[in-house]
Amino acid sequence: MQVGVFVPINNNGWLISTTSPQYKPSFDLNKEIAIRAEKHGLDFLLSMIKLRGFGGKSEFWEYGLESFTLMAGLAAVTEKIKIFATCPTLIIPPAFAARMCNTIDSISHGRFGLNLITGWQPPEYTQMGVWPGDEHFRNRYKMLDEYAGILRELWATGVSDFQGTYYQMEDCRVRPQPTGDMKIICAGSSDEGLAFSAKWADYAFCLGKGVNTPTAFASNNERLAQATAKTGRDVSIFVLVMIIAAETDEEAFAKWKHYNDGIDLDAIDWLADQGAKDTHNTTTNVRQLAAPEGAININMGTLIGSYESVARMLDEMAVVPNTGGVLLTFDDFIEGVEAFGTRIQPLMKCRQGIGGA
């Protein structure tokens with residue numbers, strides 16, 4: 001099972017709380033995380049893109065870097081670990097995205113890949129005058145289908161004359177072509193999103209579920225398997241989970257309680273309001289993000305406990321069919337990556353023999 005880090009490109013990571021670690025994103029912070037992750041033999045780094053935060057007392061995600069340029073920088077200071085940026089397809093034309101990918105492919109010597117998103121939070125785009133209207137919720141995967149096809153064509157041939165409903169190419173040339181095998185990730189878990197992943201993606205990104213219920217995400221894998229049965233492609237799941245670990249289970253749960261004591265309800269109300277905007281897709285992962293019971297960390301699966309307990313739960317995830325990897329977040333990323341590499345990974349059966357100095 002691959003292990004990656006969902007690097008903190010926005011402030012405060014993924015805890016919507018005033019009592020969790022408070023910090024602003026920076027290249028230096030993410031560089032330190034990347035170097036430590038590579039040292040410990042982790043497989044990949046992925047950054048999201050968020051163009052507007054949720055406000056509240058914690059100003060959650062109000063401070064954010066840009067994904068392509070951050071990952072280009074991290075590609076230049078690493079040697080082995082794979083690098084994935086996230087592309088906001090509503091504002092970056094496919095041919096320009098292809099050229100940026102080719103550039104980072106050159107910087108990374110073939111280690112780069114791309115996460116494609118359609119956009120689900122209108123204020124990110126209305127603030128710049130580029131939101132296409134709520135019909136986007138109905139059309140977004142039709143647009144993304146054309147987008148991915150253009151990317152694949154340009155990466156394969158360097159030329160596109162694609163004529164579609166949403167994009168029209170005219171002798172569009174993007175060279176040099178990438179040297180690496182450019183992998184695509186998609187985070188959609190709606191029926192339309194999974195159908196897209198089955199057609200175009202190499203990995204489908206889904207949220208874990210619950211607290212210390214490591215295999216509760218298995219239904220996502222089953223739904224993806226049904227979609228890939230129609231396309232005949234091999235697509236595996238990357239599962240997003242948060243790790244809160246300590247020497248003992250009691251210490252780890254004490255941290256979790258402390259973070260929950262400072263939950264930023266105003267920011268969570270904003271998330272819930274935005275998550276309800278899409279009335280077309282009833283199976284979208286945004287509904288899970290905004291569910292009230294676990295909104296403090298956007299309802300990603302959470303593994304809380306001693307280093308031994310967390311290692312055991314990660315091993316349980318690894319045996320769920322079609323699980324390609326886990327994408328990790330932490331309450332404190334520097335301490336968390338180091339503890340994962342030195343205390344958790346050595347105890348994992350599925351990661352035996354992996355790790356650096």
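All residue numbers here begin at 1 and follow the chain in the order shown.
Glycine is treated like the rest: Cβ placed from N, Cα and C.
In TrEMBL, the FMN site is described by Ile49, Lys50, Asn115, Glu124, Arg140, Tyr141, and among Ser189, Ser190, Ser219, Ser236 the residue recorded at this site is Ser190. With the fewest other Cβ atoms inside 10 Å of its Cβ, the least crowded of the binding-site residues Lys50, Arg140 in this structure is Lys50. For Tyr141 (FMN binding site), the number of other Cβ atoms no farther than 10 Å from its own Cβ, over all displayed protein chains, is 22.
Note on the domain 'Luciferase-like' (1-315): its mean pLDDT in the predicted model is 94. According to DSSP, Lys50 (FMN binding site) sits in a coil region rather than a helix or strand.
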